[in-house]
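Engineer: First the structure, then my questions, so here it is.
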Amino acid sequence: MGDTSEDASIHRLEGTDLDCQVGGLICKSKSAASEQHVFKAPAPRPSLLGLDLLASLKRREREEKDDGEDKKKSKVSSYKDWEESKDDQKDAEEEGGDQAGQNIRKDRHYRSARVETPSHPGGVSEEFWERSRQRERERREHGVYASSKEEKDWKKEKSRDRDYDRKRDRDERDRSRHSSRSERDGGSERSSRRNEPESPRHRPKDAATPSRSTWEEEDSGYGSSRRSQWESPSPTPSYRDSERSHRLSTRDRDRSVRGKYSDDTPLPTPSYKYNEWADDRRHLGSTPRLSRGRGRREEGEEGISFDTEEERQQWEDDQRQADRDWYMMDEGYDEFHNPLAYSSEDYVRRREQHLHKQKQKRISAQRRQINEDNERWETNRMLTSGVVHRLEVDEDFEEDNAAKVHLMVHNLVPPFLDGRIVFTKQPEPVIPVKDATSDLAIIARKGSQTVRKHREQKERKKAQHKHWELAGTKLGDIMGVKKEEEPDKAVTEDGKVDYRTEQKFADHMKRKSEASSEFAKKKSILEQRQYLPIFAVQQELLTIIRDNSIVIVVGETGSGKTTQLTQYLHEDGYTDYGMIGCTQPRRVAAMSVAKRVSEEMGGNLGEEVGYAIRFEDCTSENTLIKYMTDGILLRESLREADLDHYSAIIMDEAHERSLNTDVLFGLLREVVARRSDLKLIVTSATMDAEKFAAFFGNVPIFHIPGRTFPVDILFSKTPQEDYVEAAVKQSLQVHLSGAPGDILIFMPGQEDIEVTSDQIVEHLEELENAPALAVLPIYSQLPSDLQAKIFQKAPDGVRKCIVATNIAETSLTVDGIMFVIDSGYCKLKVFNPRIGMDALQIYPISQANANQRSGRAGRTGPGQCFRLYTQSAYKNELLTTTVPEIQRTNLANVVLLLKSLGVQDLLQFHFMDPPPEDNMLNSMYQLWILGALDNTGGLTSTGRLMVEFPLDPALSKMLIVSCDMGCSSEILLIVSMLSVPAIFYRPKGREEESDQIREKFAVPESDHLTYLNVYLQWKNNNYSTIWCNDHFIHAKAMRKVREVRAQLKDIMVQQRMSLASCGTDWDIVRKCICAAYFHQAAKLKGIGEYVNIRTGMPCHLHPTSSLFGMGYTPDYIVYHELVMTTKEYMQCVTAVDGEWLAELGPMFYSVKQAGKSRQENRRRAKEEASAMEEEMALAEEQLRARRQEQEKRSPLGSVRSTKIYTPGRKEQGEPMTPRRTPARFGL
């Protein structure tokens, strides 16, 4: 280390001297010599080879020639040429001004020459150089001209230009090795942006040439207020130039050489060799052409000499700083060296103006189509009015206009529906609510606010990006972390789907149920049976049953009707002649009661006592008592009209009045009339037994007295706005009070049950030291293993809280229930004749339902019932009994079923409550449209096949037609997708992302085909749940679709219907959809608006439809259903051809033909009507003959007379025996 104490240019950090100062950073000032740099011209150095004399000679010759050329003005000159000429004049003045400036170009060669690659040493001869310059001068004198040559010649010219450029560049490179620096640095200015504004030229205002001014300014550091023009560079020049490249003169090339660095952005250069510009401390990073250097190279020396030591030290510091800047730059550019970092305001302004001119307003395909429609309509109006006349025919007319199909609509009604035949005695529709303006009805329409909030939170939580999970990310893929798929129980080992897996209860019911209440623990099963109220009147009941074929039994909930009646009949010997059947309105009730009775009889479930529900038959050859749903018994009556293998049938919970129950009443009334040995027992928990007795012909009514345990009923003081929140609070209050016993909460539907269960669990987690509570939901769609959990005993010290729909109202005895919380609402299926669809809606319950629910609390001990409505509402706002399902639902399937059972005249069928006339006529009209009924109201072969499918008639028709069209595989998937609720979901906050992903599945012609595409994509992804979540699809709904498809496929196999695929020809699928929904067709009216073809009612495409916002709107569409919200929205829309509608729906539509007149159309319509009238007359004649034959066969009506054959009895038509007196016969 040298002594640096004397050097003031060294920045030094001194240590702390405690005597003189506390500490800090001391920066010594620079010397005056380092503050002010003095630039000195280097001494002239003669060339050893005499090159300086040769260079000055050539320079003088060129200047003389240039002076002569300046006198001749070019026809076209540019601003750049003028600028360069100014630069040349200033150069000339400077060269004449001082002696040091004469050798400036010679002094510019600071760097030592590198070792060149050996090449051709020469350049071109002086003669060729002179000829070339002369040719350029002559060409420039002619000015700029426009060529009208052909494109082919222009391309040749262009290729010659490129060849010439290439040769010229090569010659310049060769020549530059032995020429001056100015010639070696040259290159033509290139630009690729022809129509755009030029990049700004950064020129020093006070500089004559790039060799002066800014490079001689004093060092201003980073904070200098005066910035060099290099610090705001222009965009990097590109390679190409316009067609004038080779037409530039030698002078122009030289000028471009001189002006290049003042116009173009210099690039960064590493300082591995000495660059004198590196001591400029503004860190520009670009190498200027010329500089008047500080140091000078002495003759014969390789190093650099400095005048003072300060200069040397400054130069070394700057070199180190330049090297440091070079290596610290990112990708060769930093904030100062980036050529794209800064631009002048003028350039930015001109660039923005240019882009603004080019900018066009974005127009969507929908808006473009709307504009075209408007323009076409306006043109058509003007032409029609005669204001303007068409002078030219538009040859670019659309082909669609030429081939557009115009449909004519007919209002054809078959003779059996024209009013001459009456089908029902109930003309007005029945509304399932007592007062639509009551508090309960309004709250039911609004729904629960808690449910709405919970739904939004759940969707948001489900759809949020889980950044903390490694699975599915790139890091997770590297580490081998994969997303775990949920196990699919429905898929067997061989990959097939078993849709019965989740519906099988027998496997979960094998275990013996343990007693949980004190009553069940202390008493044996026999003692429990004897404790029931029905045990006291056993003999009286059996006597009445023996004496009468039909008996009405009325008893309160919990009296033992369901479990004991079947056993009493079995013990009385009725099972010797056939099975005892007991119908239940719900599957869970049938399964749980069968299990209880099998335990009381000491057998296994499925042997002596069994049950049969949809998808599962748990019976055997030895079964004597069979519990089943009413739908199962209805299907059995199809195969066997008289139900011969039953000796007694118990219709349990008749007050429920389900659709199947009402149909069974009418059928069993006829069966009992034909079979005197069949016993029919109808049980009900309500007091409307007189209605049942009158229906069956004033049959006896038997009352079972008393209830097992008393129930204390508590009403709410005020109406509850949010029934879910009120139920949660009440359940927590009961639970925390410490009273023993389980809780049963009644809710309207599945979503309400799930929200209530979640809310109870959340509130309990917030409490400290809260007693344990097992929350168990139960509803019909719940898997069987979870449904069976409610019958199992909870661990000791744990209270059960069961949240259920009205599935738990009837025949469901859960041991230990002491508290019932009644929300006061239930879901009912209601038919809307206007849209022709059933809808599940929330309605207030009836008084009969309320009594049933309170009865659940007194089955195994005294209990309490909390009603979340006022006593006034119970008396004034609730109906006495629930409106029967047959009066509020679509009857199409019922009509089909009755027709298939042989009921020709529906008015003669015995309905306990006749259905409304509108519902009946709508259903029969729909069946006639679909071809299930003929013109006389008789069942067709298509209708007989439609009965087998548990589907809406239109979906059944679609499946049947698909077999003929060869696309049954695709239609089976579409029908399955339509049988489940919503497939897609839109979480709040991610609506746009959800819509974008949904658009990927969209098939522009059809929403039905979009559903098909979704299922096929899910299948291709191995039925993945993760794939569903990523694409905002309900995985549970997709699994349900797969189960429905498997079930329908089994039915098709049983009916010997072929399963075929149409491949990628999905037009056949659209035609098949049209065959089932042509009666729900709409045509385009105006812009984006449709109207129903038959009714003229306006319809709108739903925003989620694949056809919504499409550039082309089809003329005709069919839709699956109408949804009434803010507008009449069509859901599940498919574009169809007008000719398909006329072909598949001839009763409504026909194609308008130019050749046919109105008279011909009227004549054809009259012929069709007369043909139908003839058919109807023939059918009426046949019906009359059949009725007369029936009357002859049974003169006493429906009741069959019993004949006792005795000795001496003479039949009609037999000759009398002569030995016997005519008066003596009989006993």
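Every residue gets a Cβ built from N, Cα and C, even glycine.
So Swiss-Prot lists the following for this protein:
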MOD_RES   Gly2  N-acetylglycine
COMPBIAS  222-239  compositional bias 'Polar residues'
COMPBIAS  300-310  compositional bias 'Acidic residues'
CROSSLNK  Lys482  SUMO2 cross-link
CROSSLNK  Lys483  SUMO2 cross-link
CROSSLNK  Lys504  SUMO2 cross-link
BINDING   Gly555, Glu556, Thr557, Gly558, Ser559, Gly560, Lys561, Thr562  ATP binding site
MOTIF     652-655  motif 'DEAH box'
CROSSLNK  Lys1166  SUMO2 cross-link
Engineer: Determine the mean pLDDT over the motif 'DEAH box' (652-655), rounding to the nearest whole number.
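Structural biologist: That stretch averages a pLDDT of 84.
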Engineer: Determine, to the nearest whole angstrom, how far the Cα atom of Gly555 (ATP binding site) is from the Cα atom of Lys1166 (SUMO2 cross-link).
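Structural biologist: The Cα atom of Gly555 (ATP binding site) is 61 Å away from the Cα atom of Lys1166 (SUMO2 cross-link).
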Engineer: Counting every protein chain present, what is the number of Cβ atoms, excluding its own, within 10 Å of the Cβ of Thr562 (ATP binding site)?
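Structural biologist: Around the Cβ of Thr562 (ATP binding site), 28 other Cβ atoms lie within 10 Å.
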Engineer: Does DSSP give Gly558 (ATP binding site) helix, strand or coil?
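Structural biologist: DSSP call for Gly558 (ATP binding site): coil, neither helix nor strand.
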Engineer: Distance between Gly558 (ATP binding site) and Lys1166 (SUMO2 cross-link) at the Cα atoms, whole Å?
Structural biologist: 65
Engineer: What are the DSSP helix/strand/coil residue counts across the motif 'DEAH box' (652-655)?
Structural biologist: 2 helix, 0 strand, 2 coil
Engineer: Would you list, in sequence order, the residues of this chain other than Gly555, Glu556, Thr557, Gly558, Ser559, Gly560, Lys561, Thr562 that have their CB within 8 A of the centroid of the site's CB atoms, where the site is the one recorded for ATP?
Structural biologist: Leu532, Pro533, Ile534, Ala685, Ile704
Engineer: Taking only the Cα atoms, work out how far Ser559 (ATP binding site) lies from Lys1166 (SUMO2 cross-link), in Å, as a whole number.
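Structural biologist: Computed Cα spacing between Ser559 (ATP binding site) and Lys1166 (SUMO2 cross-link) is 65 Å.
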Engineer: At the level of the C-alpha atoms, what whole-angstrom distance separates Lys1166 (SUMO2 cross-link) and Lys561 (ATP binding site)?
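Structural biologist: Computed Cα spacing between Lys1166 (SUMO2 cross-link) and Lys561 (ATP binding site) is 61 Å.
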Engineer: What three-state class does DSSP give Lys1166 (SUMO2 cross-link)?
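Structural biologist: Lys1166 (SUMO2 cross-link) sits in a helix per DSSP.
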